Amino acid sequence: MAAAGGARLLRAASAVLGGPAGRWLHHAGSRAGSSGLLRNRGPGGSAEASRSLSVSARARSSSEDKITVHFINRDGETLTTKGKVGDSLLDVVVENNLDIDGFGACEGTLACSTCHLIFEDHIYEKLDAITDEENDMLDLAYGLTDRSRLGCQICLTKSMDNMTVRVPETVADARQSIDVGKTS
């Protein structure tokens, strides 16, 4: 009974959060209800999360699951790095300390457009559907193309190995656009 309640709570939180965090919580909630990730503990019947680390989960961070990504910076320099399957492109830039000025100013909260990236056609076609929230932020980005997405919303998959993404020549922080609108 507590497992079902915990799963419902995780799914409800996923709807509120949206984006990658929401998708993760929804997935966790679905798994919690079906595989017993939440189990009753003690005489009071309180739910406590239990987690077992399988060999396959530990292997996720192995070099086999590392994806090579090439970023073409604003000045035309190519920055090549690796990221883990499931990491967002914002995570890849931050974790590898790539020198992309102002990238990810809002830390992936969909409050700016500084992680705006332009994708190759064959990669763009395989990306998950864009959300309304991401689309709203992209509307405020400079250099918008029909292959533009926000790096905080794109998670690496094996099919993206060796992809190249381009950082637009100019950057707009949507938070500044909103602030300017409020003061005038």
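Even glycines carry a Cβ here, placed using N, Cα and C.
SER177 is the residue among SER56, SER88, SER177 that Swiss-Prot labels phosphoserine. Within the set 35-57, 58-80, the record from Swiss-Prot flags 35-57 under the feature region 'Disordered'. Between the binding-site residues CYS112, CYS115, CYS152, the minimum number of other C-beta atoms within 10 Å of a residue's C-beta occurs at CYS112. The DSSP secondary structure for CYS152 ([2Fe-2S] cluster binding site) is helix. All protein chains shown were included, and the count of other CB atoms within 10 Å of the CB of LYS66 (N6-acetyllysine) stands at 16.
In this structure the C-alpha atoms belonging to CYS106 ([2Fe-2S] cluster binding site) and LYS66 (N6-acetyllysine) are separated by 25 Å.
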